[in-house]
Amino acid sequence: MTATIPPLRPTETSSNPDRPIADLKLQDIIKTLPKECFEKKASKAWASVLITLGAIALGYLGIIYLPWYCLPFTWIWTGTALTGAFVVGHDCGHRSFAKKRWVNDLVGHIAFAPLIYPFHSWRLLHDHHHLHTNKIEVDNAWDPWSVEAFQASPAIVRLFYRAIRGPFWWTGSIFHWGLMHFKLSNFAERDRNKVKLSIAVVFLFAAVAFPALIITTGVWGFVKFWLMPWLVYHFWMSTFTIVHHTIPEIRFRPAEDWSAAEAQLNGTVHCDYPRWVEVLCHDINVHIPHHLSVAIPSYNLRLAHASLKQNWGPFLYERTFNWGLMQQISGQCHLYDPDNGYRTFSSLK
């Protein structure tokens, strides 16, 4: 059963009427979620694996047997299905896929290998994002730069930042992947052996799979069977992650003014996508409950979100994926001022 709470009143919940949930503890919100949200069910977890494997197989059959002019459609399907593999690994990284850690680690490495994503590297960096969501200069996922940091950067860096926060937002996860996940200095000494293992796994996969693919199908086969679906996967990775925490209303705060409850409930966006995308990607778009507790498996996110809407509805941001939303994000959410919110690049002129 969901614990029902009375409607919140700013003066009753916070010393700051403009931030009515800032003084709440994260646990206060989690306690209102049904216990069923946290139940791991092996049948549902492995069903998600079967859905992903079936969708990927269907996509590759289409790439092989359908006429060449169908390739854009089969690439989109296959890349979206590969995003589902990432989400399976995502649950493994949060230990919400299986009860045994070794199962999570094994499945996570297998799911991430075709994406050339080092599992432990991602897991550790992603844990940091969850611990410091929307904390200025600490969060490592789409943390917007200040005007001062932007202006102090070299011209080439500013150019790349303009592109990624603007019309080329869909490449953002590629840069994040390449710059963050293979650099050992990004990780604590105690974690580096695990990171090295994960990097070795993806290097081994690439060393075996890529030459085999090129030898048997040529360079065009490499492009057709791996590169294009991989780019579609990164389109979704970039899109999902930027939408998760980037609309003009979302606030980023300095560490001394940061609230976990506010950041996770009121600093995260639920976005509806075409249903086939949500199915293939295992509801990764149902993101608010995931930020409240990473222990919620992906197949229970909708149950948790329904409870949040019932109890905390006024504090939730919900959007629908469309061109207008992406124009708003890429056209307005460029630089950040803690006092006034987002600023556009054009405002610097």
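Placement of Cβ uses the backbone N, Cα and C atoms for every residue, glycine included.
According to Swiss-Prot, the feature motif 'Histidine box-1' maps to residues 90-94, out of the candidate ranges 90-94, 120-124, 320-324, 340-344. Which of 102-122, 144-164 counts as transmembrane segment depends on Swiss-Prot, and there it is 102-122. Note: the motif 'Histidine box-2' (126-130) comprises 5 helix, 0 strand, 0 coil (DSSP; helix = H, G, I, strand = E, B).
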